[in-house]
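Colleague: Next up is a structure, given as C-alpha cells.
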C-alpha cells in the first residue's frame, strides 16, 4: 500500500466526483429528461475515453499491441462488454435518473452499500465460486436497515410534487439499479477479467450511449427529443458534460489507479467519503432536509450509522480475506520448502 501525493489527490477526486454526481444529476434533470441526460453522460464519457485511448496509443510503449490484441480477438469480448456496460452504466443510471424526479439525491448515495446484494444474486446464477459468508450477510443486513431508515422521512416530505406512490416507485427503481451495479461487477469478473480499463470503459460508454438514445426516443418521442436538444441553455449543457467526463471517464481511471496503489481494501474506503460528500451536498446546498422534524433527522443520522457499519464490516471481511490469503501463501511456501529438502535428502541417499 503506497500512499503518495497522487494517490491522495486521486482518492479525494474520486470521492468528490462520485459523491457529487447525484446532486449534479438532480440539477441536470431540470434541463433534460432523465433519458436524455444519461444519454449525454454516456456520449461525453465515450468521447473522453476515446481521447484517452488515442493518448495512450501515442505516448505509452506497447499499448498499440494491447489494443490490437483486444480489438482483433473476435466478437465475444464485444458482446460480453456490451452486456456488462448496459448492466453497469446504461440501464442502472437510467433508472436512477428517473427515480431522482421523486427522491432526494442523498438517497442515491445512501443506497450504495446495497450493491453487494446484486453480486450475491449474480453469484448464485453465474458459475462464480464466491459464497455468501457471515461477513457479507451482516454487511448487507446493516445496509438494508440503513437505507430503510433514511427512506422513511422521504415519504413524509415528497420530492417536488411527487406522490407517496411515486416516491415508493423511485426507491424501487433505486434498489434495482444498485442490484444491477452489483451484478455487473460479477459479470465482468466472470466474462472479462483481463480487459484493459480504458478499452472496457470506451466500449461500455459506446454501447450504453446507443441504448440510452433509443430508450430516450421511445420514452420522450422524436419531437420532445428534438425540442429539448435545441432549447437547452448553455448552463444546461454543463451537466451532461460534467457527468460524462468526470463521472464516467476520469473517475473510473482514478479508481483503477487507487486499486493498483492501495489495493482493493484501500480503495474500498471511497464509499465512506462518497457518502459524506453526497449527503453534505444534498443537505447543505440542495436543502433536502429542510422542514424535517428532529426525529426525522435522527432517523437519517441513524441510517448513516448503519450504512457506515456495513462498510466497516465489509472492510473487516476484505482484511480477513487478505490475511487468510497471505497465511495460505506462507503455508504453500513452507510446504514447497519441505518438499525441496526432502528431494535433496533423497538425492544424497541415492548418491551414497
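The first residue you see is number 1, and the count goes up from there.
Here the Cβ of each residue, glycine as well, is placed from N, Cα and C on the backbone.
Below are the features listed in TrEMBL for this protein:
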COMPBIAS  323-340  compositional bias 'Basic and acidic residues'
COMPBIAS  341-352  compositional bias 'Acidic residues'
DOMAIN    7-149  domain 'EamA'
REGION    323-352  region 'Disordered'
SIGNAL    1-19  signal peptide
TRANSMEM  42-59  transmembrane segment
TRANSMEM  138-156  transmembrane segment
TRANSMEM  168-190  transmembrane segment
TRANSMEM  197-218  transmembrane segment
TRANSMEM  238-260  transmembrane segment
TRANSMEM  267-286  transmembrane segment
TRANSMEM  292-315  transmembrane segment
Colleague: Before we move on, state whether the transmembrane segment (292-315) and the transmembrane segment (168-190) share at least 3 Cβ pairs under 8 Å, counting only pairs 6 or more apart in sequence.
Modeller: no
Colleague: Based on DSSP, tally up the residues of the domain 'EamA' (7-149) by helix, strand and coil.
Modeller: 117 helix, 0 strand, 26 coil
